[in-house]
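As structure tokens, the structure follows; a few thoughts come after it.
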Amino acid sequence: MATATLSIDLDAIAANWRALDRASNRRVATGAVVKADGYGLDAGRVARTLAQAGARQFFVAVAEEGVTLRKALGPGPAINVFSGHMEGDTQAIAGARLTPMINSAEQLARHFEALPRHPFGIQLDTGMNRLGMEADEWAAVAEFALGQGPKLVMSHLACADEPGHAANAAQLAEFHRLTDGITVPRSLSATGGILLGEAYHFDMTRPGIGLYGGAPFGAAEPVVRLSIPVVQVRAVTAGESVGYGCSWVAQSDGAIATLSAGYADGLIRAMSNRAMLYAGDVACPLAGRVSMDLLTVDVSHLDEVPEALDLLCPAQGVDRLAEAAGTIGYEILTSLGPRYARHYAGGVA
């Protein structure tokens, strides 16, 4: 079979959620972020597994994701929408019983004109300048909004993966300034914020990348393995080049394995001539450019070339691969393409 295999350990995702739940203050509810189709790993399977583990609050990016997730989860858990109540979202929010995180006075007006008794939350901007009401806007609508009984007031940290960054303390102070004294549950932290300590936990945490084995949660169990089949092995002599642009040249006689995956499968070209693949725990350098459907790998040092080499495995997680590609683990995970044969272990189907 020429199709690469992406193996996903749902039990590891559940174990990572439990670990982050334990890391949160014991009085804190621990939600789960499953946007972007569960970081590319199937939001329905991930969410059902986490619901069985105890998660009751789920977060998605847009209402359309929430509709799909509701079909997978059923009526029980809450599904919160980070983008809030956008124009055209009313039917989806009502039909799938979604909870929009209101980001502006405009969204607040839209929500209460269309769905005056429907649950909602509030998102505040405490310094990231991305989503949420800024302080002046919040001051103008806070009395009305709080009087309608929001389910949650939240913000998001810009630099939580850098524990010593001054922005963390500044955003924490601003969140306190904007919300101290309210009786509504509050949430500031995703994975990185959980690891910053109890001062950042408030009433609910929202782990995302840590569930899927990514930094900054260094204790995470590995979740994915990507095994790519070897199509062909050829001998090369010193001075011969490999791949488009002749960007890799053999320094000595050796062997090149051609593997069946490429940038059409989400393996970004920036990892060309930089990334490693693995035969067990033996590293094999990517030789030449990533092409649409193929990789070429230097296997000169292997006594025997296996039927497949691993790009993601215990020896190389998403963050190590991301470092080679000059990106972040989030991009590696969410780019994994549809051509892979996906095998799920554990969890809930």
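Just so you know, glycine gets a Cβ as well, placed from its N, Cα and C.
Here Swiss-Prot flags K35, Y244 as active site, proton acceptor, drawing on sequence analysis. The N6-(pyridoxal phosphate)lysine annotation in Swiss-Prot covers K35 and rests on sequence analysis. The feature substrate binding site is assigned by Swiss-Prot to R130, M292, with sequence analysis given as support.
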- Message: Cβ neighbours within 10 Å, counted over all protein chains: which one of the recorded positions K35, R130 has the most?
- Response: K35
- Query: Where does Y244 (active site, proton acceptor) sit by DSSP, helix, strand or coil?
  - Reply: helix
- Consider the recorded positions K35, R130, M292 and say which one has the Cα lying nearest the Cα of Y244 (active site, proton acceptor). M292
- Task: Would you kindly give the Cα-Cα distance separating K35 (active site, proton acceptor) and R130 (substrate binding site), rounded to the nearest Å?
- Result: 17
- Message: I'd like the number of other C-beta atoms within 10 A of the C-beta of Y244 (active site, proton acceptor), please.
- Response: 13
- Between the C-alpha atoms of M292 (substrate binding site) and K35 (active site, proton acceptor), the distance in angstrom, to the nearest integer, is 27
- Query: Per DSSP, M292 (substrate binding site) is which: helix, strand or coil?
  - Reply: coil
